[in-house]
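According to TrEMBL, the features are:
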- 29-50: transmembrane segment (TRANSMEM)
- 235-258: transmembrane segment (TRANSMEM)
- 278-302: transmembrane segment (TRANSMEM)
- 308-333: transmembrane segment (TRANSMEM)
- 377-400: transmembrane segment (TRANSMEM)
- 679-702: transmembrane segment (TRANSMEM)
- 732-756: transmembrane segment (TRANSMEM)
- 782-803: transmembrane segment (TRANSMEM)
Amino acid sequence: MVYRNRHRNAKRDQTTIGKIIQNPRAARLFSLAMALTMVLVAVSVCIQYRNVQDQRKTQQEWHGAWQAVLMDPDLTALQEASENLVIKKRGSVQTAAMKDGTIAGTGDKQFFEMANLSIKKGRLPETGSEMAAEALWLDERGFSYRIGQKIQIDEKVFTLTGILDSYTANWTAGNHVPQIWITRLDKPEHTLLYMQAKSGYEAVFDEWSPKSGVLVRNMYLEYGYQPFSASSLPWTIATTAAAAGGLGIMFMIVSHWLDSRQLNIIRLKSLGADTGLLMKPMLFLFLGSSVWVLPVMSAVFLAFRPPWFVMAGIAGFWMILLLVLAFAAWVILFHIPSRVSLHAEKGYIPEHLPTGRKTVSCSMLAGRWLWWNWKPAITGSALLAILAGIIAYTATGFWFDTEMEKQVGRKPDFRFYPASAEASVSQAELQKIRTIPGVREMYSYTIRNDLPENDKAYSIGWEGMELSPVYQIPGEYRSQLSLFAFQNNGTDLSPVIIEPDELPPLADVLKHNGINLTDLNNDDALLYLPAFSWTVAGSADCPKIQVFPDNPEIDYGKDVTFRTDVSLAAGQEILIRSPEGQSRTARIPVLVRQPLNYTVDYRGLISDWTSSFSLPYVVIVPKGFFGSESANRVEVWTEGRRDAAIQSDMAALASHSGMKLQNDAVTNEKIIRFFADERLLYCVLTVVVFLVWIFILCWSVIRVRKSIKNFLNRLRRTGTDTRTCLAIRNQIVLRIGLASIVFTGAALTACLWLQLSFIPNLSMITRAAPSLVDPSGQPAGVLWILLRITPATYGFAALSGLLQSLLCMTGTKQAMDIRKINKC
């Protein structure tokens, strides 16, 4: 009974406290703000979800739902794909070319589902004399769409049983996918395995390197939600603005609500009510005022029909909003005093001096003013410094992402390199590559002896020197030679021979060094013999020798510099011997002694042929020197097109010519999108933080100038002269300036340390740039780019630290002018 009475009394007390604290007008405003906020947030989230779904549907209609296709795999690769547990669907297609060029094929149902192909009319073939045709194939050959008509292809006559959708050129090339579908192929030429991974495991195709076949990825499919993409950014901003604006408005309503009941709360606290007891009725008041959210969410569900997890996310946001407001109300209630205290008026100047003081100095009065106005002066300076550091950080990130996006544009999307020593790309195939739509630039050249294998190496010699590589490594280090990524257990370094086919930057590089490549005859060659250094790295037990060309601008701490045999001079003849023992004589009109890889930008492109100039021994021969018109190295840059069609075309050309294909189109496009989205994020953050910085700067300067003016007016009425007022003003502004400098320096130092020490998304950045530091001086190193950007961004941010004190000083002299101040 006693417990029941206590419970009843406590419940009655809470009801009484709720009636004392409640404010019907504030509650109605809170309810309206909560309803509007939830309407805006829920509608924008549902619209974003619907846009994402529509976008994915459109992507799959135009580019297919498959994520990767494996072309011409062997049994090992097929077994590897079948055993991969994260691959959800596998659709296989077999194709063969008929005599008239028609691609015939067979496929399973999984392929039709992933390719988004459907039978528009009729059905799929069931017997060997039936066929289903692509609509475009019928159009090109002048056939009608009549089901049951007889169509002759080569010596075979088929009955048309079905018409399929035309393939879109956005996701496949016509020479890889069947144009007609039949039940059986006599001799399949190509096998295509279309695959789709489980949700959340889409990156498996980016990391998978099959043992055989060519893997082509469908890079136009987007997985997951990208809030900062071009289509989602407006709704992301709307959602963020609605959430932040609604939270701010409701916080102001709660603050005004409790301020209007402050005297009642003080009385309750003086009677023994603690913050927790006062907070319980506030929670019920919040929940009662938020009851309108339930019909709002019901209306949104009926209008948009979103899935349960979207509605759960909206409900979770509502609960988080209530918890944040409840915490804010608890903080306000906690800081309301339990008794009323009288406070002196701000700006009050005492009539009597403090004990021990006989005079009031300008510094003392400036300190008194600073103590009274610490919010706009000190807190304002600290906030401005922090925001300036954030602006410098985000602006640097925006600039850095722009530079990194340029770095990706410098890298080739496709690289052809030989699968065997005899493999090469013919001129006819090179011409096909040039005519593919979307190809922006193509380099073709031949490199011989690019791997240091002495048993298969070219060698040269001249009068007074036998046929052998020029540079000899000391005997005690011969087994530890480490030439970049290659390990060579031999005793010397073999030459590298470059034969350009279409390599304009090589001509530009040589012309920059006074050499005209077009002036070389078929019996001439250039010899690249600069001074090189080698350093011993590693431990004493396992030393490694690293070889690199001398760069006068960089000190590597080199151990030994060895130079070439000076017995060779321009105009002499050399003898070039191939691994097969064939010899060829060439005249050397020019000897290149200066390192070439530190002099020019190579037309702004990152190419593999430039790495040859990092080797200590290169022979450059004119086109056709060895009697071949082909090339064993091809690099292709594309512009605005890296879809599956161009990937499959490149894969077909590489397979036909016996070359290996390094397909970086998907990776490059993914990195470009990543940096574009991140750059957009940094841009939005920079603009938003800059606007907040402007607002706080204006608020701080206006408050400080107004306070200084009022303070000096009071001093003038006590008989203080203008000179003393100016001295006090200067002391105040000096202290504000020192505070701004200290805060700005600390904030910028912390942000700069964070920028250089913790580089976000480092794995993506290192995939975009060749290295963290590029010693050649080319604009390719990550830290090189950061160190070039940070002085400008952080320098402007440092100058902004003085802006507050300068604006506070401007115009206050007129406020202290004796002609404009009324003395008492």
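Including glycine, each Cβ sits where the backbone N, Cα and C put it.
All TrEMBL annotations are machine predictions without curation.
Distant neighbours of the transmembrane segment (235-258): 21, 23, 26-27, 29-30, 33-34, 36-38, 40-41, 44-45, 47-48, 51, 227-228, 265, 317, 321, 324-325, 328-329, 332-333, 336, 684; these residues of the same chain sit at least 6 beyond its ends, with a Cβ under 8 Å from one of its Cβ atoms. Contact between the transmembrane segment (308-333) and the transmembrane segment (377-400) is absent: fewer than three CB pairs lie under 8 Å, with pairs separated by 6 or more positions in sequence. Tertiary proximity for the transmembrane segment (29-50) is limited to same-chain residues at least six positions away from its ends with a CB under 8 Å from its CB atoms, namely 225, 232, 235-236, 238-239, 242-243, 245-247, 249-250, 253-254, 257, 286, 289-293, 296-297, 300, 303-304, 306-307, 310, 313-314, 317-318, 321. With a cut-off of 8 Å between Cβ atoms, the residues of this chain six or more beyond the transmembrane segment (278-302) that come close are 14-15, 17-18, 21-22, 27-28, 30-31, 34-35, 38-39, 42-43, 46, 265, 268-269, 311, 314-315, 318, 322, 325-326, 329-330, 333.
Long-range contacts of the transmembrane segment (679-702) within its own chain (CB-CB distance under 8 A, at least 6 residues past either end) are made by residues 228, 230, 233, 237, 376-377, 380-381, 383-384, 387-388, 390-391, 394-395, 397-398, 401-402, 405, 803-804, 807-808.
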